[in-house]
Number of protein chains: 2
Amino acid sequence: KAARTLWFLILMSLCLFITVCRASSPQEEEDSAMQNIVTEKRAEESHRQDSADLLIFILLLTLTILTIWLFKHRRFRFLHETGLAMIYGLIVGVILRYAVHVPRDVGTASMGCFVNISPATLLVNISGKFYEYTLKGEISANLVNDVQDNEMLRKVTFDPEVFFNILLPPIIFHAGYSLKRRHFFRNMGSILAYAFVGTVISCFVIGLLMYGCVMLMKQFSQLGGDFFFTDCLFYGAIVSATDPVTVLAIFHELQVDADMYALLFGESVLNDAVAVVLSSSIVAYQPQGDNSHTFEVMALLKSFGMFLGVFSGSFSLGVATGVVTALISFFTKLRDFQLLETALFFLMSWSTFLLAEACGFTGVVAVLFCGITQAHYTFNNLSPESQDRTKQLFELLNFLAENFIFSYMGLTLFTFQNHIFNPMFIVGAFLAVFVGRAANIYPLSFLLNLGRRYKIRSNFQHMMMFAGLRGAMTFALSIRDTATFARQMMFSTNLLVVFFTVWVCGGGTTQMLSCQRIRVGVDSDQDNSVTDGSERRSTKQESAWLFRIWYNFDHNYLKPILTHSGPPLTTTLPPCCGPVARLLTSPQAIENECQLKDDDSDLILTDGDINLSYGDITVSTDAMGAHTNSGRSFSGTATSDDLDRELAYGDHELVMRGTRLVLPMDDSEPPFSDSIRNLRM
Amino acid sequence: KAARTLWFLILMSLCLFITVCRASSPQEEEDSAMQNIVTEKRAEESHRQDSADLLIFILLLTLTILTIWLFKHRRFRFLHETGLAMIYGLIVGVILRYAVHVPRDVGTASMGCFVNISPATLLVNISGKFYEYTLKGEISANLVNDVQDNEMLRKVTFDPEVFFNILLPPIIFHAGYSLKRRHFFRNMGSILAYAFVGTVISCFVIGLLMYGCVMLMKQFSQLGGDFFFTDCLFYGAIVSATDPVTVLAIFHELQVDADMYALLFGESVLNDAVAVVLSSSIVAYQPQGDNSHTFEVMALLKSFGMFLGVFSGSFSLGVATGVVTALISFFTKLRDFQLLETALFFLMSWSTFLLAEACGFTGVVAVLFCGITQAHYTFNNLSPESQDRTKQLFELLNFLAENFIFSYMGLTLFTFQNHIFNPMFIVGAFLAVFVGRAANIYPLSFLLNLGRRYKIRSNFQHMMMFAGLRGAMTFALSIRDTATFARQMMFSTNLLVVFFTVWVCGGGTTQMLSCQRIRVGVDSDQDNSVTDGSERRSTKQESAWLFRIWYNFDHNYLKPILTHSGPPLTTTLPPCCGPVARLLTSPQAIENECQLKDDDSDLILTDGDINLSYGDITVSTDAMGAHTNSGRSFSGTATSDDLDRELAYGDHELVMRGTRLVLPMDDSEPPFSDSIRNLRM
C-alpha cells in the first residue's frame, strides 16, 4: 500500500539523515579548524548543528504522527501515541549512541581560574579579544573527561529547565482548560482528597519503602554512593505524580463513564501540582546543624510552611490572572476581533506562568489553576470563534509538547551518560510505586465512601489503581537535577517506571476496562441527565456541602460579575443591593438569560441547583421520582448503585417542572422584568 | 467609561511592575551574595529575572492589544498596531533607562586566558569545582567596562539571533501562506521584476548614495570610524527590505483593489527574501589580498555565485518540503484526524526552516517558499477544519511575533547601549532610501508597462512608492551584527528609518489612497469577475507567457498529482499515459470535480485558462464583449483604464459560456465519463 511505502521511506530517510548529519558535522568542524578560526564561524557551525539536532526531533515527531494515524486508522489501541513516541525515541537513541562515531571535539577547553565564586557571566581575554561566556552549570569533577569525550551526545541533550519552562506549561494548562468542569466540581471533594491526602500518603509510603530498600542495599553493599532519607522522600514525591495523558486519551476515545473520567482526570491533574510543590519543599528541608541529614522540627515546619505558601501562592496567582482575563474580556468588546481576543487570552495565560516564576512560586501550578479559571469564567465571555481557536491552539501545543517529551524520554535512555541502573533499587522502586498507589486509592476510597451517597465502586477503585501511570511530570522532575549519585539513580529508575507503566498499563487499559465491566460508549450529552440526577441528590448529602456552598456562591455572584453567562446580578443579589447590581450587570447577561431557554441542559442544572438553596422542593420530587422507571439498561452489573441511577433518571423531568415554579424572582426592576417574565412563561 | 479606566489601570500597573521588579531584584541578589553563595541560587535568581523581563514584554503586548482594540473599536486608522507597539516600547525603554537605577552587578568577572582560540565550551575550575560556560559572543575591547556597568540594560536585550530563528520565520511563513495566490500568479512577472531587479537596483543606488555621503562626512571629519564601500552596499541591502505588514493591513481592511494589493504584497514579501540573501552575499565578499576592501573580480563573482546558490537552494528546499507535505497529506487519510493533520503541517513547515539552516541556506527564504507551496498544494488536501486551524494558528503566531518585534524596536532605542546617531548620515540615509525606492519603482514600472497590456497606472506607482515601509526584516538584519562602528551607526539610523516610515507612511496610507483615487471597498469575491476578465486578457499578451506556461503545467499536472483538487489526471494527460494517470488519480479528485460545479468562481477561472491553451475562442468573445457594457460605476476617474475594466466585465459571461463548449474532454474512460458529463450539462 502507498501509505506503508511512504512510511518506510520516511523512517529510512530519518535514519540516513541522522547518520549523515551527525557524521558530516565533525568533518566540517575540522575544516574550519584548519582555517584561520574565527568565532563567527564557530557560532555559525554551532547554530547549524543545533538546527540539525532539533530537526531530528521534528522528524521524529512527524514519524510519530504518521504512525499514530496508521494506528488510529486501523483502530489499534494497544499502543498509545506517547508509548509510540518513546519507542521511536529509543530507536534514534540507539542510532546516536552506537551507529555514529564522532571524533573528539576540539571546541572545549579546560582552564583554571582564581576567583572564589562562580560568576554568571565570564569575560575571557583571549589573545587580546574579549569573549563573553555564560554559566551553564556545575559539572562534577569525575565527569570532566566525559564532557570532552561525549560532546556529541551532550549536544542532543536539552537543558532540563526547557521541560519546566517551555514544554510542561502548555500541557498543564491544557489539562486545566479541558477539564470537564461539571463533573469535576461535582466530585471536587473526592478529587481533592485523592490529590492532596493521597499524594502525600503515596509520597511517604514510597519514601519509607525506598529507605528500607536502600538500607538493605547498604547491607549487601550494593550502594555506590550516598542516599539519605530526604532523597527517598524526594523520590517518593516525584514518582507520585501520575500522568493525565495516556489513559485519559483512551477513556476519551471509548467514552468511559463521566464520573470515572472526572475522578481520574482531576486526581492526576492536581496530583502533578501537589507533587511539584511537595518535591521542592522536600529539597528545601535543610536543618541548621552541621549534619544536614538529621531530623529537626524547625526545618520540617519550615518545609511544611513552604509547601503551604508556595501552593497557595501559585493557586491565587493562577486564579487572579484568570479573573483579570475574565474581567478584561467582560468589560471590553474584544470579541468583535477574534485575533486580538485569542492573542490576549494566550498572552495572559502565559504571563501567569512568568509571573509565578518571577515571584518565586511554581509556574506550572499557577498555570493549572489559571487554566481552570479561564475555562470556568473567561471561556464564557469569548466569541464562539475564539472558543474554538483557543481550544484548538492549546490542544495542538499540548500534543506537540507531550509527544516531544515522550520521544525525548526514549532518547535519553541511551544518550544520557550518567545512568545508574541498580537492579535492587529498580525492583524496590517498582514494588514501592505499586504499594504507594494502593495505599493512596483503597483506604481513601473507603473513607470517602463513608461520606458519599454515590459510592466509588470497587471496580472504579481497581481501575484507578491500574491507571496510575507515570509520565511527563515524573520525568521532568527527575531530569531537573542529576548532579548527585542519588539523583542519577532516581532518574534511571524513573525512566524504567515510566516506560513500564506507559506501555503495560497504558496498553492494557482497554482490557482492564472490559475486565472491570466499566461502562463505555457513554455519550456525554446523553449521560448528563442521568448523572445530573444522581449527583444532584448527592449534593444534598453531607459529603457535598463543599460543592453546594461553592456552587451557589459561584453561580449567583461570581459568574454574573465575571462573565456574560449566568443569571443577571439583579436577580441574585438581595433587593437592597439593587443599584450596585444594575451597574455590574451587562445588558448581554439579560439577553443571554433569555437565550438560555433554548439551551436546556444548562438551564436544568442551573435552576435545579438554585432550587436547593431556596427551597427544598426537590426532596419531594425525588421521592416521587422513585416510582418512575425509565427502563434504560446499563452495561454494568445490576448493583444497587445502578438502581440509584435509574431512579435518578426518572426524577429529572419533575425537577425541571419544579424549577420553573420555584425560581427566585425579583420583580423590583421594571426595565428588566418583562424579559424575565417572558422567559418564565 | 469602564474600558478606559481599565486601560489606565493596566498602564499604571505595568509601570509600577517594571519599577518594582527591576528595583527589587538587586536587593535580593545582595541578600544571596551575603549568604554562602551557591551556583544553584544564582541560576534560580537569573531565571527569576529572565521571567520578569519576559513578563514585561508580555504585558507590553497585552497593553498593545487592548489599545488596538480601542482604536479599531473607534475606527481610528492613523496609527497601526505596529506603530503603537513601538510607542509602548519606547515608553518602557525610557522607564528602564532613566527611572530604574540598578547598582553594579557582582555577577560578572573578567579574566585572562592563554588559549589562542576561543572555544565554544569552557570548563572553568573555580576553587576545585568545575563549571561549564558557553560562548555568547565577542565584545569589543572598549565596551568591556560598559558590559559590567549596564548589566541591567543588557539583560532586557535579546540575543539578536532570536529574531532570525524564532520571530521572523512565523511572520514570513504567514506572509507566504496568506498570499492571495490568484492575483499573485497573475502579476508574477511584475512582482518578480520588482522584487529581484528592483531590490538590486535599490541596494546599489542606496549603497552609492551612502558612499557619497560617507565621503562627504570624511571631508568634514564627521566620521568616527571605518566605513567601507561594502558597508554602504550592505546598508543598501538591509534597508531595501520593505515590510509587508502595516500598509497591507490597512489595504486589507479597506479592501483596496486586488491587483494593487497583490503587487505590493508580492513585492514586499519577495523583497525580504532577496534582501536577506543579498546582504549575506555582500558580507561574504572577501578579496584574497591584504587589503580586504579593494575591488576584485573573483570575489565579486564568488559573492554573486553565492547569491544564486543560496537563493535557489533555499527556494528548492522550501518548495521540496511543501511538496512532501502535500504528498503525505495526499496519500494518507490524515484528514480524519484534524489534530494530527495540523500538527504535521506545523512540524513540516518548521522543519523547512531547520533543514535550510542546517544545510547552510537561509531558513527565512525557505520558509517563505514553503508557505507559498503549502498554500498552493497542501491546503487543498487539508480538511476544512485544518484549513481554518492552520490559518488561525499562523495568523496568531504572526501577530504575536510582529508586535513583539515592533515593541522591542521601540525599547532598543533607549536600552541599546552603542547607539551612534550621526545627523549627516541620518539625513543621507533618509534621502538615499527615498531615492532608492523611486529608482526601483518608476523605471521598472515604465519598462513593465511596455510589456503589460493592463498597465500599472501612475497612481498605483505613487502608492507603491509611498508604501515602501521598512520594518521587521530591516530591523532584524541590522541588529544581527552590531560589533563594528559602521554596523552600530547603521543600526541606529535604521531604527529611525523604521520609526519614520511606520508612523508617517503607515499613518498616511488612508489619506494617500484617497488622494491617489485608488478604489477601495472592493469585495474580493465580487471583484473576481472584473479582474478575471481583464487579467485573463492580459495573459494573452507577451508579458504573461511565463504565467501561462506555468499555469497550464501546474493545473494539468502538478495539482492533480499533489492535491485532491484540480481535474483528474486522466483528463489532462495524453491518452497513452492512461494507466499511469489512473494509478495517480484519487477517487476523491473525481468527486471534487463534480462538486466544483457549485464553486463557480474557481471553475470559471480554471476552465477559462484551459481554454487559452486549447483554442483561441476567447479572443472572439473578447471582441464581442466590447459591445456590452454593464454600466457599473467605479470610484476612480473615468480613464481609459476604467473603460478597459468595464469592457472586461462584459465579456465575463461570454467566456463562461465559451468555456462550457470548448473544455477539452477525454471520453476514453468509461467509469468517469458519466460524472464529468453530468458536470458539463
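Here the Cβ of each residue, glycine as well, is placed from N, Cα and C on the backbone.
TrEMBL annotations: computationally assigned, not manually curated.
Per TrEMBL, the features are as follows:
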DOMAIN    B:64-514  domain 'Cation/H+ exchanger transmembrane'
SIGNAL    B:1-23  signal peptide
TRANSMEM  B:54-71  transmembrane segment
TRANSMEM  B:83-100  transmembrane segment
TRANSMEM  B:162-179  transmembrane segment
TRANSMEM  B:191-216  transmembrane segment
TRANSMEM  B:228-251  transmembrane segment
TRANSMEM  B:306-331  transmembrane segment
TRANSMEM  B:343-372  transmembrane segment
TRANSMEM  B:393-414  transmembrane segment
TRANSMEM  B:420-439  transmembrane segment
TRANSMEM  B:491-509  transmembrane segment
Recorded stretch, among B:54-71, B:191-216, B:306-331, B:420-439, maximising Cβ pairs under 8 Å relative to the transmembrane segment (B:83-100): B:54-71
Tertiary contacts of the transmembrane segment (B:420-439) (same chain, 6+ residues out, Cβ under 8 Å): 201-203, 205-206, 209-210, 212-214, 216-217, 220, 222-224, 235-236, 239-240, 465, 468, 470, 485, 488-489, 492-494, 496-497, 500
Of B:54-71, B:162-179, B:228-251, B:343-372, B:491-509, whichever stretch has the most CB pairs under 8 A to the transmembrane segment (B:191-216): B:228-251
Chain residues outside the transmembrane segment (B:162-179) and at least six past its termini with a C-beta under 8 angstroms from it: 244-245, 265-266, 269, 272-273, 349-350, 353, 357, 363-364, 367-372, 374-375, 390-391, 394-395, 397-398, 401-402, 404-405, 472-473, 475-476, 479-480
Paired segments the transmembrane segment (B:306-331) and the transmembrane segment (B:343-372) in contact, 3+ CB pairs under 8 A: yes
Cβ-Cβ under 8 Å with the transmembrane segment (B:343-372): same-chain residues at least 6 beyond its ends: 164-165, 168-169, 172-177, 179, 181, 269-270, 272-273, 276-277, 280, 310-311, 313-315, 317-319, 321-322, 324-325, 328-329, 334, 378, 382, 386, 390, 393
